[in-house]
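Peer 1: Okay, here's the structure, questions in a sec.
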Amino acid sequence: MQRVNLSTVSEFVFVGLSDAPEIRLLLFVLFLLIYLATMAGNIMLLVAISTDSHLHSPMYFFLGNLSLLDLLCPTITVPKMLGALLLEHKVISFSGCLFQHFSLIAVVGTEIFLLTVMAYDRYVAVCHPLRYPSIMSTKLCAQLAVGTWATGLLNSLLHTSLVFTLSFCGPNKIQQYYCDIPPVLSLSCSSTHSRELVILVVAGVLGSGACMVTVVSYIYILLEILARNSPGIWHKAFSTCGSHLTIVCLFYGTTICTYVRPSSTYSLQWDRVVSMLYGMLTPLLNPIIYSLRNKEVKCALKRVISQVRRAL
């Protein structure tokens, strides 16, 4: 293990966003609107879930956790990016970069595990509907939620310690709009091969394990649907699982393309596009997907909007 060197590089500089003033202003307005829409959508969904008694069930409890993560994910990175676009303040301190890195990896990891728990919840709802209330008890739901957050934090602690205990003594320009693993690793003057391997193995094991549980859950759901072969079963199953399955495909696709691959395959332009997909668009689309596919959520959101209008 190499010695920690925190004194050589005291700050990092974000590069990669457009230097043209007219493009910067356009990007600022675009990303600000996306960020505000993301905040509004997820806050409304959280309010609807917490205030509507029809949504006090395990599925919506986990959906509330997902909305909270979708609030945190862009908040960790987007305000700094907006400041860089508008004020050209592209510098972040070493400790600030460390905290941003830790927070983002924790949120992304927690969301992966939470989506896995939500897949298990859908499996119980479809395959064991009569036993669903007893299996998905309040105690188990709380334990599963705490477990996902704790696992995400521990995973992030491992990744952050592996990255930020390296020596940084040369370039300090990060080819990204936030402190992500690949661009920060590329700035180290230490050998990163062993740590890249550990990061890749840990991410691969945890990610593939979570993905396997999700896939197996949906295989059992599919087998249950085929076994019943009753009228309307496909429509009912899709209305129950369609929103979650759409979010899983969107989130897993962008995350795997970003992290679960060797550093030799990184492309700066492609990585920025993909990271913006899961960092900005996915949190924006999640509440839209659930509200469009779920009648109960749509009714609850309408009630929230009408209450806000009356208050105003």
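A Cβ is built for glycine as well, from the same backbone N, Cα and C atoms used for every other residue.
In case it's useful when we look at the structure, here is the feature table from TrEMBL:
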TRANSMEM  25-47  transmembrane segment
DOMAIN    41-290  domain 'G-protein coupled receptors family 1 profile'
TRANSMEM  59-78  transmembrane segment
TRANSMEM  98-120  transmembrane segment
TRANSMEM  140-158  transmembrane segment
TRANSMEM  197-221  transmembrane segment
TRANSMEM  233-253  transmembrane segment
TRANSMEM  273-292  transmembrane segment
Peer 1: With Cβ-Cβ distances below 8 Å as the criterion, list the same-chain residues six or more beyond the ends of the transmembrane segment (140-158) that contact it, or say none.
Peer 2: 58, 61-62, 65, 102-103, 105-114, 116-117, 202, 206
Peer 1: Could you please provide the mean pLDDT value for the domain 'G-protein coupled receptors family 1 profile' (41-290)?
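Peer 2: Overall, the domain 'G-protein coupled receptors family 1 profile' (41-290) comes to a mean pLDDT of 84.
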